[in-house]
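TrEMBL has this to say about the protein:
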DISULFID  CYS58-CYS151  disulfide bond
DISULFID  CYS105-CYS157  disulfide bond
DISULFID  CYS106-CYS159  disulfide bond
Amino acid sequence: RYPEGAFPHRSAFLPPTVCVPALWGSVPWGMKLQCVSLWLLGTMLILCFVDSRSLRKCLISTDMHHVEESFQEIKRAIQAKDIFPNVTILSTLETLQSIKPLDVCCVTKNLLAFYVDRVFKDHQEPHPQILRKISSIANSFLYMQKTLRQCQEQRQCHCRQEATNVTRVIHDNYDQLEARSAAIKSLGELDVFLAWIDKNHEVTSSA
């Protein structure tokens, strides 16, 4: 229990200007503008706080440095096999940068599934050393999918129409090419996805 007098008087918690709906008609015009401005400012701050928090709710627990290092070791060899240099599947990093914070988890989940379910399966790699690196990246993606499932179970990974549209565009781009060529193209653009993860997620090491 707090000792008597420990709490400030209730009036101490009231803001300097209180807008009472019942007396709104008698409030001077200048005070009305002040109240509306304060309300709008408060609403914007709350929305910004919610958006920024939603970006950090879903953690990716994996060694992203290892994933990026593995890709850099095979990037040149993979991109040398790309016979469609003027075609893009991930629609460049600029398109992914337009994703809003509330859609980050959903887009991440969808792109991880895109690589695991289509790209890695469609790619046929004859060189054992490159295949080992791709397998390592694929395993890291599977682990990332696992860490995002907790967000899905807690209903923090909302898939809005904007996120669905971005995913559909990527799949449509992929379908424009023959499966093997599309897989090579997508692997060559993997640095676009990895850079986007680094920018939009709080990544914790799984080590």
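Every residue gets a Cβ built from N, Cα and C, even glycine.
Just so you know, TrEMBL annotations are computer predictions that nobody has curated.
The separation of CYS105 (disulfide bond) from CYS159 (disulfide bond), Cα to Cα, is 8 Å.
Distance noted between the C-alpha atoms of CYS105 (disulfide bond) and CYS151 (disulfide bond) is 8 Å.
CYS159 (disulfide bond): 16 other CB atoms within 10 A of its CB, across all protein chains.
Comparing CYS157 (disulfide bond) with CYS151 (disulfide bond), their Cα atoms are 6 Å apart once rounded. For CYS151 (disulfide bond), the Cβ neighbour count at a 10 Å cut-off comes to 18, with all displayed protein chains included. Its Cβ placed at the centre, CYS157 (disulfide bond) has 23 other Cβ atoms within 10 Å. Annotation for CYS106 (disulfide bond): same-chain Cβ neighbours under 8 Å, separated by at least 6 residues, are CYS157, HIS158, CYS159, ARG160, ALA163, THR164.
Neighbour density for CYS105 (disulfide bond): within 10 A of its CB lie 24 other CB atoms from the protein chains shown.
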